[in-house]
Amino acid sequence: MAKFASIITLLFAALVVFAAFEAPTMVEAKLCERSSGTWSGVCGNNNACKNQCIRLEGAQHGSCNYVFPAHKCICYFPC
């Protein structure tokens with residue numbers, strides 16, 4: 001019986017140690033996409049689109065996406 005109790009205690013201690021090392025998860029806000037209001041022409045440079053969305057429009061990020069009939073700069077904002 002004493003051996004069983006020590007095994008249970010050891011398992012509980014291991015569970016506590018593993019739980020202590022688990023990284024907390026962060027919940028990210030959902031992002032909504034919107035065509036850039038400041039971009040003109042066809043979007044061919046993802047980095048330039050991203051920088052323009054962040055700096056000029058206050059978006060989280062941006063990228064060139066195909067929206068019929070051409071690639072457009074799309075900015076991503078919190079919903």
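Each Cβ is built from the backbone N, Cα and C atoms, and glycine gets one as well.
Between Cys75 and the candidates Cys43, Cys49, Cys53, Swiss-Prot records the disulphide pairing with Cys53.
Shown are the disulfide-bonded residues Cys32, Cys43, Cys64, Cys75; of these, the residue with the fewest other Cβ atoms within 10 Å is Cys32. Secondary structure at Cys53 (disulfide bond), taken from DSSP and collapsed to helix, strand or coil, is helix. Distance from the CA of Cys53 (disulfide bond) to the CA of Cys43 (disulfide bond) is 12 Å.
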